[in-house]
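Working notes for the structure below.
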Amino acid sequence: MSERKVLNKYYPPDFDPSKIPKLKLPKDRQYVVRLMAPFNMRCKTCGEYIYKGKKFNARKETVQNELYMGLPIFRFYIKCTRCLAEITFKTDPENTDYAMEHGATRNFQAEKLIEEEEKRITQEREEEELNNPMKVLENRTKDSKMEMEVLENLQELKELNQRQAQVDFEGMIDRYRELERQEKEREKEEDERETKEMLDRALVKRLRDSDSDSGSEKEEESLQPNKSSTDKPTDILTTDRSTEAQGTSSGGVKRAKVESWERSVGTLGGRGALGSLVVRKKPAATINKPSPVTAAAAAAATATSQTDPKASTADSETASKPVTTQNGSSSLSLLGAYSDSDSNDSE
């Protein structure tokens, strides 16, 4: 399969280019090209302005019987964007520009006219100096005189500006240094003020914290007035239990049974340092009701003691022995409780 984009063509061995027929095209044929307006112009028909850079689909042709140093000259046909009138212009290789030909006038040619006038004057002067040496000397003298006058005028303008200005450079430098010093002092004062404010805020905060700490310490001291300064953290394990034992013994109230773990470690429900953190629920006072068997035995013992002293002695020995009931409690302790309650009632 052949390539789509190839650079070399295949020419057979018997190829003869003279046998290729030539197209007979007219010399003044036209081509459609896309171009931009080379200069600003104004239509003569409607007065519409066409600015430089406007794009057109133009017709291009070669100007017949007109050459410049062997270079052909081309003519372009465009249409006005408003009235569709035909406008033509052609190339000007002599001036490297375009020349307006028909249908519009070229605008803003002042610079071009000045250049043409300067070129014409320079050309005339060269022609005069070519055949007249005295004219060359006169032109040189005139040029040097004009240059000296220009330099003198420039110096006068400089002196005039210096007299009118009267700029004191030393004063300007002194004022600038003074402003710079004032700015530095102002920045230093602002820094000192900000530092003082920060220190004041920190001091107030510390005073408030110390006041709150002292208040909390006073509250703790009011809650714990009996705590001495020499107490150790481990004293709570012994002092609370001893004080509690003394209070119960002095009051004459029976103290509850102390378990082994409470005896070794201590409790959190005491009145020590940890007493305010844990509130121990007080056990309700319970009265052990005697069982029917124990009550009947006590009544029989009472009746026997009243009739027979020997029997009462034997019964008392029997009653002194512990009797285990169904609920696992000791009958001796129950009898002791009843005797205590009777004595309290009699009192």
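Every residue, even glycine, has its Cβ placed from backbone N, Cα and C.
Note that the structure is predicted; figures quoted are calculated from it, not measured.
Copied over from TrEMBL, here are the features:
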type	residues	note
BINDING	C43, C46, C80, C83	Zn(2+) binding site
COMPBIAS	180-217	compositional bias 'Basic and acidic residues'
COMPBIAS	236-248	compositional bias 'Polar residues'
COMPBIAS	305-327	compositional bias 'Polar residues'
COMPBIAS	328-341	compositional bias 'Low complexity'
REGION	180-278	region 'Disordered'
REGION	298-347	region 'Disordered'
Sequence-distant neighbours of C46 (Zn(2+) binding site) in its chain (C-beta under 8 A, six or more apart): C80, R82, C83, A85
Least Cβ-crowded entry, counting other Cβ within 10 Å, from the binding-site residues listed as C43, C80, C83: C83
Extra residues within 8 Å (Cβ to Cβ centroid of C43, C46, C80, C83), Zn(2+): K44, T45, G47, E48, T81, R82, L84, A85
DSSP residue counts for the compositional bias 'Basic and acidic residues' (180-217), split into helix, strand and coil: 38 helix, 0 strand, 0 coil
